[in-house]
Amino acid sequence: MQRALYHLGASRVTGQTARHLLPWNNAIDGSIRSFLSFAPTCSPSSFPPILHSFRHDLRVRCNGKSFTRNLSDVKEADAGALTSHDPLHFCVVGSGPAGFYTADKLLSKFGDHIQVDIMDRLPTPFGLVRSGVAPDHPGTKAVVNRFTQIMEIPVILRGNVQVRVYSTPLLPPAERGEDLENVDFGKDISLEDLQCRYHGVVLAYGTESDRALNVPGEDLAGVWSARELVWWYNGHPDYSTLPISLEHDTAVIFGLGNVAVDCARVLLREVDDLAVTDMASHAVDALRKSQVRRVVLFGRRGPAQAAFTPKELREILGLPGVKVVIHEEDLTLSEAEQAHLKANRISRRVHEVLSKAVAAASPPQPTEGAPDKELHLRFFRSPAALLPGVADGDCGEHVTAVRVECTQVVDGRAVGTGEFEEIEAGLVLRSIGYKGEEIAGVPFDTRSGTVPNSHGRVHQLEDPSATVPGLYTCGWLKRGPSGIIGTNLVCAEETAAVIAQDMVAGALPTPTAASPGHRGLVGLLSERGVASIALGDWQRINHKEVERGAVKGKPRDKIVHMEDLMEAATC
Ligand code: NAP
């Protein structure tokens, strides 16, 4: 790779400055324009200025004045001043919003001087947008149009920049259920494989596991995580055959977040409304036969601490044919909670929406022909136990009831009162947060379920005060499972900014593999016999899904089995 040289107009920077620049991995060619953009009072005649630091700030003395520019502010215009004979190779692991936004930011910053590969273990891109976002929220999914452009634009407009999406069982979770035995871990690509082929690796593979309630009975049949239900109805190929039974009158959901609301809405909504979405067809068929008439959401704290947002709450409270049960006494606020609501607009709105629902308490508007359903929002109830029994058609022990302990909120925490209640339930969902999965060789904080990092730079396992050169993270894996899709844009900006700083500071490792980047990876995949699919293959899947959907009046009819996806990708 060519060493750095910096020219400022006619004046070449020499001596001490050149020594600062030597570690840079890219040649930086003359660009008075870019220089003037942060040192506006310098004129070409006043060059050469004196450059003082290239670590995180670029400091310049010029005409007796100092100018400082944070290197995280490197913009596309500046990237235009970079030239290199050998572009940077980056690999983003995970093709969800965090992965795509990071790739986009890197491409914007470095233009033709970077090649970004996006990898995914599935043959379908878009991660959470495809597998997580509720099917009846198509507006949220529109972001895939932008992601599709990111995949396509480089090929058309950006010359040597490439973004590829592969399917490969990349970076396998250390522990997998038996149901995933079709994944041949012998063929996996390890983090080390990537590190020796890329200048930088960005881990953006999200949170594929769930927090546990840690109460007796959690392993009973009929108990699922909300993520499992969501991935089932969204046709995630690892979860499409999950034996979720909807043959029970009552479903209980623990947790008062938006995922809980999504699950409750899907269970209660008129199935005809869902049949015209991209919900997987097997889920639509199952929901059509569903016996679930009552969904009870339990929150361990009160309405002032509920995690759902007003818009989502309003939507579920307004479902036709659904009677809403909220206990008025639960809405009473302590002084501290009143102060909290005053300062927090979202919590205040949530409380207002709940209060309006209680005040209205109008009888439900039954949909013609459909029996009434009920949604119960129960606050100050913490899960204590899931109780077994033998349910119809089940040979093993199935959950038949839940026991909850009443709570009070003390200093913001739910404290049990020693009073217990039980209600019958044949389907129980824990919707208390997602969590990342530990992967061999990747630093991981088991408590938070995230990869430990500072602003996206991954910390070393052995020495948490140091970071791993060239290893970054973004999205839920970086900051935990919170925020909407757009939150990942901000998150990606931060990660891309530290990458830019490291690039400029010469802190990116140089690939050691004989064949770096995309070519090296493709070679390795082929050597190991790993079937991978690229953009064109995904486009074939996409086309088939849309075509199948048109027949059923849906935006797409998802292909939900791995072997069918691979077949659709190739023919
Ligand atoms: P979340 O918003 O963090 O909510 C988790 C819920 O679980 C909270 O009510 C929490 O109560 C409860 N909880 C945690 N541990 C518990 C325990 N041991 N026992 C009982 N309850 C417990 O998580 P999420 O619903 O999975 O959502 C994840 C993120 O995705 C959120 O930022 C959410 O807004 C976002 N999302 C957005 C949308 C949308 O915009 N439409 C849709 C889906 C998801 P405490 O507060 O008491 O801990």
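Backbone N, Cα and C atoms are what each Cβ position is placed from, and that goes for glycine too.
Just so it is clear, the model here is predicted, and its values are computed rather than measured.
Residues or ranges marked as FAD binding site by TrEMBL: A98, L128, W476, G483, I484, I485. A98 (FAD binding site) has a Cβ environment of 31 other Cβ atoms inside 10 Å.
The NADP(+) binding site annotation in TrEMBL covers R300, R301, E312, G483. Cβ-based neighbour count (10 Å, all protein chains) for R301 (NADP(+) binding site) stands at 21.
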Other residues, Cβ within 8 Å of A98, L128, W476, G483, I484, I485 Cβ centroid (FAD site): G96, P97, G475, G486, T487, N488, C491
Residue pair W476 (FAD binding site), R300 (NADP(+) binding site) - Cα distance, angstrom, rounded: 24
Candidates near ligand 1 among the binding-site residues L128, E312, W476, G483, judged by a Cβ under 6 angstroms: E312, G483
Rounded Cα-Cα span from R301 (NADP(+) binding site) to L128 (FAD binding site), Å: 28
Whole-number Å value of the largest CA-CA distance among A98, L128, W476, G483, I484, I485, listed as FAD-binding: 12
A98 (FAD binding site) to E312 (NADP(+) binding site) - Cα separation in whole Å: 23
Residue pair E312 (NADP(+) binding site), G483 (FAD binding site) - Cα distance, angstrom, rounded: 14
Those residues of the chain, 6+ apart, with a Cβ under 8 Å from that of I484 (FAD binding site): T140
